[in-house]
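Read through the structure below, which is laid out as C-alpha cells, and then see the notes.
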Amino acid sequence: MAMKSVSTLAVFAILFLVIVEMPEIKAQGSKCLKEYGGNVGFSYCAPRIFPSFCYRNCRKNKGAKGGRCRSGGAGAGSMICLCDYCSDKP
C-alpha cells in the first residue's frame, strides 16, 4: 500500500513539473507581423494588383517573407500594411 502511494505521488509530482515547465503559448502574430509604416492607403493594398505593393515592399525593403493588408480603422482608404516574417502567403 505504501509503495502505491509513493508511486502515485511521484506521478503527480512529475506531471506537475511538466505542466509548470511548458512554455506559454503566445499569439504567433505578435512575432510574425510587424507594421510596415503607418497608414499606407488603399492603393498600396489594392486587390486588383497581385501581389500587392505591401507584399512586394515588405519582401524587398524589410526582408520579410511577405506582407498583408488590414483595415486601419475608421476613415476612407485607411489601410495598414503588416510585414509577415513567418509566411509568404499574400
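Glycine residues also receive a Cβ, built from the backbone N, Cα and C atoms like all the rest.
Feature annotations, reproduced from Swiss-Prot:
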DISULFID  C32-C86  disulfide bond
DISULFID  C45-C69  disulfide bond
DISULFID  C54-C81  disulfide bond
DISULFID  C58-C83  disulfide bond
SIGNAL    1-27  signal peptide
Which disulfide-bonded residues sit within 10 Å of C81 (disulfide bond) - Cα, from C32, C45, C58, C69: C45, C58, C69
DSSP three-state assignment (helix, strand or coil) for C45 (disulfide bond): helix
Cα separation, C45 (disulfide bond) to C32 (disulfide bond) (Å, whole number): 19
Among C81, C86, the one of these disulfide-bonded residues whose Cβ has the fewest neighbouring Cβ atoms within 10 Å: C86
Densest Cβ neighbourhood among C45, C54, C69, C83 (disulfide-bonded residues), 10 Å radius: C54
C54 (disulfide bond) as reference: those disulfide-bonded residues from C45, C69, C83, C86 with C-alpha within 10 Å of it: C45, C69, C83
